[in-house]
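Enquirer: This is the structure I want to talk about, given as structure tokens.
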Amino acid sequence: MWVAYSPIEGLTTEHSRLAEKYSLYLVKSTPYDIPLPVRPSGVPVLFVPGNAGSYRQIRSISDTCRELNEQYGGSEIDFFALDFNEAYSALHGRTLLDQAEYLNDAINYILQMYRDNGKDVSSVMLLGHSMGGVVSRLAISLDNYKPGTVTTIFTLASPHLVPPATFDGDIQKVYNRMNDFWRSNYADSDNNSLSDMTVLSIAGGKRDTMVPSDYISLDSVVPSSHGLSTFSNSINRVWTGIDHDAMMWCHQLRRQIAIALMNVIDRDVNGRMEVFRKVFSGTQTLSDAEEDFEDVEVTPVKHGLHQKLESGWYYGENVQVMTTHTVNQESAFESYEMSSGSLLRAFECRSKSGSSFKGCRKIFPLLVPGSNDAVIAFAETEHYLLLDVSSSSDWISIDQVSQKSASFDFVTGATISTSNTISTDISFPKLTSGLVSYKVSVSKGVQLVRQYVQQNSSRVYDSKYLVPHNGVVDVSFHGDVPFVPYFQSSPLHLQVFGGGHVTIRVDWIGSLGNLFMRYRILFISLPSAILYAIFLVQFHAGTARFLSLRQSTSIFINRYLLTSCLAGSGIAYLTGLSQVRDFLHLIQIPITKTFAVDPSYTKNDLFLGLSGVSGTVLAPIFTVFSTGMVVLITELVMGLTSLLSFCFKSTTTAQSESESGDPISDLLHKRTVFVAVISVLVLLFFPYQLAFTLATVALLVMTAYFKSNKAPQEQSFNNYISTICVLMTWTCIINAPVLAVWIQGIVVQRSMTFSSHHNLVSILPTLLFVENLSFRRIPSGSSITSLLLAYTSLHCLFYGMMQAFMIHHGFNLLATWLLCMSYKKVFFKSKHE
């Protein structure tokens, strides 16, 4: 048995304008080749690969569905997969739009195939990995989507809320458009085109080092009646974090996905969501169906550990139950059951009158990891708990939960003694930040209950069971995190089973990893802000000579670094205020708007994206670190230009284009031919990021050439051009991802034509500015120059994390002004001569 991939050759340019760029496959586990023509007959599921992903990634889930179908029967599933040629969709908004458009075309063609085969199939289930999940949701918002053709979307490690990279302005627009469409539809209950849509979003947790798991949450986009967000380590029978790529082939997870796929077929919204909650939520779930029990011979339960219940009905109020009745490992929908045949059913009942119970809903098994593959089922309820025990077989513990609230010190941690009950629920009201990880030590208790810890918070379905290893568990939760809509209060809760003393301390190494995952782009935008601030220092140093970048950096560190750190703390605090955020969004260029469903959510997408104390503490640390990065990049660029300068002959003298030259004739210089050619290519073929990279390379060579001239009168200009060289080199990092998309298109699609980024205005001023530097002109400082440098620095500071692409445009604007000031100086001097 192997997996065969059969191309759907009928999907041509007649059905999609992108058919020559992308393709569609039917995937099937079979000992034979798939016969042609392809005649699908099952339930269609379409796999959408993510960034640099392959259509072949669906193999594992497809094979698991086949195994379950052969074992238990049910509807056969036909898996289709899209081949996007492993495009970098996470880096390029236009690529996302193209993939979403082709996805809709593929859906329409698949449904037509079923109709041609005499099958009444009206919709396709989508399974998206990484950016494939974003493409799946984006496709619903496009004009070529036919309503009702998609009703269920599974997404794995998909960053729904925040793009993983903000180096492209188009991708920001795509995210805003997509999320605004979904939010506005669910906000308008009378005209909701998504009323029959259900979405599942699964994150890999801390082991996913590609996409921060906080970005997968659908809470602020899709209401809980239509969407579920969860983590792999919260899912029954998975119980572990999963690497980004492994989300598609991890055995435990793909089995649960296959179970869900087979059980959501032909169900309405409520039925699909019930399946999602039972299989994936990691929290206690109830059936939607209610039933009443009349005249039940019921016995009140007694609190106590390690007791056995005879056959019959029992009830309790506000109690918690633990039992070693296990759950059939082959199904997620069975009751608590022993291999000997004894059965335990649990119900949550809304009311009790005598021996009658009203509004009872079945409590589905909640599983936690156990030793030797044993499983403990756990049920708790805030109403009446009704138990139906078929026979006395094994022990059941029934007790109330002990509640405790604990303070926490970030230096010394906290130690709590648990009570002599089944479990103790410890809340930490001040621990709300998802950026901090902890280590929890649990001493041996005296209970007969095996020790383990349940960790949960009120944000999404972040509930997991942790079994201590040598008495220690690692705790990291998804509380208040930067740039993601969050509830005002989402503290950490630990429920400790088995008694003993609990000690919790900060995991500093794990916390550093959390910071790096969330602030990778900040370490590009914040050094940019500091570079522009240092450039401002150079213009206002008050010396006759233009200072070198090393000298001005030293001045910045000695005079302004402490002030900058304090200012960073103040800015972090101010951006936590909604009034300040509203004002900064009002003056933001470009203006971004978001449409929120629930007013209880707060979103801070400025500076560090944090509110409260954490931002004021992190701001100085990041400022110092970014200053160190500026020193490092300065030394690297200066070292490179010094090395290149040795390649030029020392006897070569620079051409003496005097500042008194006619500026009109300057424009007619032969180097303008190169600028003209590049401009035409940008308009027709190349992204402007390539032109910027070429200009940076030319500037590096020019800087090295001028450095070979040791004339004292040229030192100021050498310092000036060196600063520009460092700025452009750093800005190239912003442009590199889009450039990588273009190069990948050349390699895979054999086409040099790019689908976006042909705006000549975004690059022509920079090209002319670099060309003008060959005339060795230093523009004079002015108040407007200072204001522009200050604005560019502050823009990088406030908006750089979420709009890194604007760093390029900020430099382009500065280049425009410096170019004008350079020629103004020439005209002014010519006039006086």
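Cβ coordinates come from backbone N, Cα and C, glycine included.
Sharing the features that Swiss-Prot gives for it:
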type     : residues : note
ACT_SITE : Ser130   : active site
CARBOHYD : Asn191   : N-linked glycosylation site
CARBOHYD : Asn456   : N-linked glycosylation site
TRANSMEM : 521-541  : transmembrane segment
TRANSMEM : 560-580  : transmembrane segment
TRANSMEM : 617-637  : transmembrane segment
TRANSMEM : 672-692  : transmembrane segment
TRANSMEM : 723-743  : transmembrane segment
CARBOHYD : Asn772   : N-linked glycosylation site
TRANSMEM : 787-807  : transmembrane segment
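Give me the lay of the land around each of these features.
Expert: Taken residue by residue with DSSP, Ser130 (active site) is part of neither helix nor strand, so it is coil. Listed in sequence order, the residues of the same chain lying 6 or more apart from Ser130 (active site) and placing their CB within less than 8 Å of its CB are Pro49, Gly50, Asn51, Gly53, Ala90, Leu156, Ala157, Ser158, Pro159, Met210, Val211, His244.
For Asn191 (N-linked glycosylation site), the same-chain residues 6+ apart in sequence whose C-beta sits under 8 angstroms from its C-beta are Asn185.
For the recorded site, Asn456 (N-linked glycosylation site), the DSSP three-state label reads strand.
Tertiary neighbourhood of the transmembrane segment (521-541): same-chain residues 165-166, 547, 549, 552-553, 555-556, 560, 564, 608, 622-623, 625-627, 629-630, 633, 719-720, 723, 726-727, 730-731, 733-734, 781, 785-786, 789-790, 792-794, 796-797, 800-801, 804, 807, 810, 814, selected by CB-CB distance under 8 Å and a gap of 6+ residues from either end.
Here the transmembrane segment (672-692) has Cβ contacts under 8 Å with residues 728, 731-732, 735-736, 738-739, 742, 752-754, 756-760, 762-764, 766-768, 771, 808 of the same chain, all six or more residues outside its ends.
Within 10 Å of the C-beta atom of Asn772 (N-linked glycosylation site) sit 22 other C-beta atoms, taking all shown protein chains into account.
For the transmembrane segment (787-807), the list of distant contacts is 162, 165-169, 172, 483, 519, 521-522, 524-526, 528-530, 532-533, 535-536, 539, 571, 575, 584, 588-590, 592, 605-609, 731, 734, 813-814, 817: same-chain residues at least six beyond its ends, Cβ to Cβ under 8 Å.
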Enquirer: Could you pull out which residues elsewhere in the chain have a CB under 8 Å from any CB of the transmembrane segment (723-743), counting only those six or more residues past its ends?
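Expert: Distant contacts of the transmembrane segment (723-743): 87-88, 91-92, 95, 165, 167-168, 524, 527-528, 531-532, 534-535, 538, 549, 552, 633-634, 637-638, 641, 686-687, 689-690, 692-693, 695-696, 699-700, 703, 754, 757, 766, 770, 773, 804-805, 807-808, 811.
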Enquirer: What residues in the same chain, six or more past the boundaries of the transmembrane segment (560-580), come closer than 8 Å to it by Cβ-Cβ distance?
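Expert: Tertiary neighbours of the transmembrane segment (560-580) are 530, 533, 537, 602, 604, 606-608, 610-612, 615-620, 622-624, 627, 797-798.
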Enquirer: Rounded to an integer, what is the Cα-Cα distance in Å between Asn772 (N-linked glycosylation site) and Asn456 (N-linked glycosylation site)?
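Expert: Cα-Cα distance, Asn772 (N-linked glycosylation site) to Asn456 (N-linked glycosylation site): 60 Å.
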Enquirer: Counting every protein chain present, what is the number of Cβ atoms, excluding its own, within 10 Å of the Cβ of Asn456 (N-linked glycosylation site)?
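Expert: That number is 19.
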